[in-house]
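These notes concern the structure reproduced below.
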């Protein structure tokens, strides 16, 4: 596992965007051989999406031959709702870059057959071989995507019941009214994430410090689903300074020394 220790959320967003752009450009995608990118929603990736849009407008990257798969979507929320992840992604990213509509894959939380929707999503991912880079965030309780604590580390795309804590955290997007937050969501599984060639998780804020500690210094544990990344051959945690407050000093020093060259120029 790599840990990229930065200072601010803006630096995290810029580093993550730069890494994505470097991966896409090194891959040299074509229509027949697209780069497959997994994407999250929420507050954490906002600085990354902003930086990606800026880099696209500056001519540093094209998304014409990039295929995307989003992590999750609420169940029962109309896709036109401003807080659906369909709306979020178009508002904050897709509408500002040159990605073709047919290359965008989002779970349908209003599908008449939820189980079939989840199976088809997994099948479509497999049809591309694999996701080359899956970007994500982490919840205060260590969940990735909507894989809440005690999720199977072998799980695939499915419907999940959201914990009260997750709904409270997400209520900030729903006028701070937890009753407006859907109780269920479709989400890729932990196993789906682990199948990706590379997984990059961004960690922001002191409220995520225990989750980061569990991911880096703890044991692999389904109560902290983020800890599954210890099993991944190419996992990256990109974090700001407040999120590292629970890490041991020697742990942080170790990763600062390892990544000194990779965090320059931000």
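Numbers run from 1 along the shown chain.
Note that Cβ sites are derived from N, Cα and C of the backbone, with glycine treated the same way.
Per Swiss-Prot, these features apply:
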type     : residues : note
ACT_SITE : 72       : active site, proton acceptor
ACT_SITE : 141      : active site, for ring-opening step
ACT_SITE : 143      : active site, proton acceptor
ACT_SITE : 148      : active site, for ring-opening step
SITE     : 151      : site 'Part of the allosteric site'
SITE     : 158      : site 'Part of the allosteric site'
SITE     : 160      : site 'Part of the allosteric site'
SITE     : 161      : site 'Part of the allosteric site'
SITE     : 254      : site 'Part of the allosteric site'
Task = Counting Cβ neighbours within 10 Å across all chains shown, tell me which of the recorded positions 143, 158, 160 comes out on top.
result = 143
Ask   = Counting every protein chain present, what is the number of Cβ atoms, excluding its own, within 10 Å of the Cβ of residue 151 (site 'Part of the allosteric site')?
value = 22
Inquiry  = I want to verify one value. Collapsing DSSP to three states, which class is residue 141 (active site, for ring-opening step)?
reply    = coil
Ask   = Roughly how many Å separate the Cα of residue 151 (site 'Part of the allosteric site') from that of residue 143 (active site, proton acceptor), to the nearest whole number?
value = 9
Ask   = Listing them in sequence order, which of the active-site residues 72, 141, 143, 148 have their Cα within 10 Å of that of residue 161 (site 'Part of the allosteric site')?
value = 148
Request  = Going by DSSP, give the three-state secondary structure for residue 151 (site 'Part of the allosteric site').
outcome  = coil
Request  = Spatially speaking, which of the recorded positions 72, 148, 158, 160, 254 is closest to residue 141 (active site, for ring-opening step)? Use C-alpha to C-alpha, please.
outcome  = 148
Inquiry  = Using DSSP and collapsing to three states, where does residue 161 (site 'Part of the allosteric site') fall: helix, strand or coil?
reply    = strand
Key: Nearest recorded site to residue 148 (active site, for ring-opening step) by CA-CA distance, among recorded positions 72, 158, 160   = 160
